[in-house]
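Annotation comment: Swiss-Prot describes 60, 62, 75, 78 as Zn(2+) 1 binding site. The Mg(2+) binding site annotation in Swiss-Prot covers 450, 452, 454. Among the features that Swiss-Prot reports, Zn(2+) 2 binding site is placed at 819, 893, 900, 903, with the record citing sequence analysis.
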């Protein structure tokens, strides 16, 4: 058996007849499966034990030899070898076909490989293969053309004309096989290369395609005639099993039926040939054999599929590989896991950040082997069997053992759908009663979990290594930051926010105002006994909190604060300043001086002078967590988060905030605002009736009026609201709801969208407190339904997008420390018109500089070349007035099959420099795919206004970008760099013409009349600049500009979509994806290389091919970059295993087999498929080939070893 972790690559080729015979353990001659009386396999049948091995371990068919001691003996009575029954999953048989049969993949696939090899059309091939026409194989001295087709009648006429034996013509796959044997690959290739020099158009395309296939045969050593089968392999019987059902009936795999048809027809053909039957009968039988083999290989590819009972098409070998239920996706990429369970989740507010509650009966089942081992070790039972019985009986002693066993043994919790890496995290189990898993409330956001009936799965890591990885890398307390943007993902929500908001409120004139306390305990005692209110402003001695970072002038003084804030600051990490105001200045620079009493000053006087501070909201808590993480990293942060959670829950309970209908305020001047709007609409309609405006203008004016009315109500609502109103507190604190929910409760619901996406002119004037009329209710139902269906569709679309993204980037891994490139990316803030989408500061954080950055005025070097830009450094650069910086970027990284650490920058999930081995491709795909469900689905209809600029937004736009499709509402771009000299309008053709004068000549662009112009006369434009509003077609931009311009454009476009929906994603994730779309080039002129024109290949392979030629003084090849959509890029990957498991399985495998492709197992998917440890993270060779050594001999890993690995994952393997 091959050790899966040792082999280096996997190759797939066409099987020659001798190869199939070498695999086979015997010929299957009969269509029988098993004897229905004895239930034993029939001899020479599809389940024969002589061919495929015994059905029971170490036992021959007749029972003469039983037990392992006869291992390897072949029984002299029944001929069965005594071995394991498992060989029935491995041993193959074969069928000797009495007539050659074509392989449907190679004849029917697009393009038809047989057709290209023989230069025949697929239709002609079909006629020959299915016995509708003769093909001339050897015309000898007759004027017939080789490969020309003759009908039955023409064939007879030609025979009479030229005499018998004067030429050779045949029909069926036999004829095709003869033709394929006659193909002289070398001569044909030379001829085609010659033809390419002069050919153009359709002829050239065909020549390139033929050359591609012939060259593949030539290089791989496959012979073209192997596309026709003379011998058919029979797959092992345990892969096409027969199982007995309860009623004594059998359920068999469809493959058995398909094989049975082939054997029946083959045997009948053999008999007919023996009997010398008439030619037409033999022909018919050969055609039926051909169809039977077609159905076995790919049922339904040609003609109507063969059906089983109930007219259900039978599943052929191809169907076994294809799709979600196929071999690749069902059994190889994901398997069911042992030691796992699932249950409903409930909240566990008392748990620590790294804990989860596991029900006892679940734990005893999951940890059974561990418990049994301990039972035997403690000598409660003599052997494992007895120990097992003890566990099953529920002996009292097992619970104490279980407690010991689970201590320090982390488990993994997973919630489907797992959209990003935070969907699986490790926790330490805590045994609980009941049947639901308990989950810490703060990790809910990462899982997107709530407690309305969600279920989660639990898995137990078994080996020591797996436990160590779970504990060190996956523990929930380590996952504070979100990998997509580096912001904390564990921010408190709902009750926790509300409690802390209530706690930090300030109020004037409450009981106890102006009291002064010596320390926290005294203040709490006063509050508990009713002398001081939580919100009243009091004084406290600064010296009672000696560990806080006070300024020197603040020590030994009295500080004005509230009792609530004393409690709030008590849970903060000691080195954080005392928080009085919810802003960044207080958090980073310390407590403001205005809160401190000067000696002899009256406290009431200071209190009266101070403004009342707003309480701490959800956003402020997020900032505090981020700052804590920045200063103290994970351990202290997770402990702080637990304290924050407990405090929030405690005080939201004490505050007792409830919501009743009386809490919804009534707006005093609602009637006035609505009457004014009615009046305005009436005026607009009057103007329209008089012909002063068009219908479109009227529609826009009416909808704008109602929108403004709604905004006026909203504004009034905010002005008149009571800050102590529970609904206002919920909204203001960020616990639940926003102003739009609030204004629907108290203001008006406003305009609704009609089923066609257009906004209806009639608004809903009522709010939910007043209640809606029947008509208003009816209007609003459409929006509600649309919301539901949109969500359902969006989830599926977003999931499929993630799958394609993961597929295209799964082999991008951090391979080395520094690629040493001299290229960089010039970045500035991303803008959309006047608005800034992403600031320069955000784009700089966590990246390495390519060149040093100087102060624009003083010329002082702010940061050197190749230095990491921290958050503070980025702020310093922006504050200095620098507008653009050249950084190291994934786009310009020179590492093969991955990225280097310097071009990538920091790992957003940890805030530290990225490690070699990090699977950044997968992280990038998840970061872009996970927020996909938050994006909108719709294309906005602006209601007939400027209708041709309906902009695609949200998820459809993201798909459009990543699939490199032509965008809707495409912008016209200029190919000339220069100045816009004239824009003329042509009323007759309803177009505008834009003239751009460049150095080399004038560019003239015709633009539709309705398009909105982006340029004016006199503007200077660069090549590839958009002249009109709209999206640029990236493929067109690639023709006009260079690769880097397209990459920069795509990056900016993706960011615009996400940022407009309020989703932040790190640039580097988009860079990784976009780079994968542009990694191929198309060879234009091969020069002196042996590349073929028109070939699509990796840039690195192309450079290698040219390097050798340039060294030897030849002419290098030229190429042009190609932009591929992510689906196409996934299918064009160098790994055929990865591509086949993605989509179009049969096409990928057909192509790979002809080329004799080798998969070097560089990506993650291909290693998962063959069951090898993945070459990322701790699976990388540099981390696995480590020998334990004495301390003094240890050296740092040499970087040469790393870059060698980057070229090929450890040749040592």
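Placed from the backbone N, Cα and C atoms, the Cβ positions cover glycine too.
Since the structure is predicted, the reported quantities are computational estimates derived from the model, not experimental observations.
Annotated features, which come from Swiss-Prot, shown on the structure.
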residue: 62; record: Zn(2+) 1 binding site; DSSP (3 states): coil
residue: 75; record: Zn(2+) 1 binding site; DSSP (3 states): coil
residue: 450; record: Mg(2+) binding site; DSSP (3 states): coil
residue: 819; record: Zn(2+) 2 binding site; DSSP (3 states): coil
residue: 893; record: Zn(2+) 2 binding site; DSSP (3 states): coil
residue: 900; record: Zn(2+) 2 binding site; DSSP (3 states): strand
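On a Cα basis, residue 452 (Mg(2+) binding site) lies 44 Å away from residue 900 (Zn(2+) 2 binding site). Counting other C-beta atoms within 10 Å of each candidate's C-beta, the binding-site residues 78, 900 are led by 900. When the binding-site residues 62, 75, 78, 450, 452 are ranked by how far their Cα is from the Cα of residue 819 (Zn(2+) 2 binding site), 450 comes first. Burial estimate for the binding-site residues (450, 452, 454): highest at 454, by number of other CB atoms within 10 Å.
Closest by Cα distance to residue 452 (Mg(2+) binding site), from the binding-site residues 62, 75, 78, 903, is 903. Fewest other C-beta atoms within 10 Å: among the binding-site residues 819, 903, that description fits 819.
Closest to residue 62 (Zn(2+) 1 binding site) in space, going by CA atoms and restricting to the binding-site residues 454, 893, 903, is 454. When the binding-site residues 450, 454, 893, 903 are ranked by how far their Cα is from the Cα of residue 60 (Zn(2+) 1 binding site), 454 comes first. Excluding the listed site residues 60, 62, 75, 78, the same chain places 61, 63, 64, 65, 76, 77, 79, 80 with Cβ atoms within 8 Å of the centre of the Zn(2+) 1 site Cβ atoms. Taking the mean position of the Cβ atoms of 450, 452, 454 as the Mg(2+) site, the remaining same-chain residues with a Cβ inside 8 Å of that point are 345, 449, 451, 453. Highest Cβ count within 10 Å among the binding-site residues 60, 75: 60. Comparing the Cα of residue 78 (Zn(2+) 1 binding site) with the Cα of every entry in 450, 454, 893, 903, these being the binding-site residues, the smallest distance points to 454. All chains included, 14 other C-beta atoms sit within 10 angstroms of the C-beta of residue 62 (Zn(2+) 1 binding site). Checked against residue 75 (Zn(2+) 1 binding site) by C-alpha proximity, the binding-site residues 450, 454, 893, 903 yield 454 as the nearest. Spatially close to residue 893 (Zn(2+) 2 binding site) yet at least six residues away along the chain are 819, 821, 899, 900, 903, 904, 1075, judged by Cβ distances under 8 angstroms. Take the mean position of the Cβ atoms of 819, 893, 900, 903, the recorded Zn(2+) 2 site; other residues of that chain with a Cβ within 8 Å of it are 816, 818, 821, 888, 890, 892, 894, 895, 899, 901, 902, 904.
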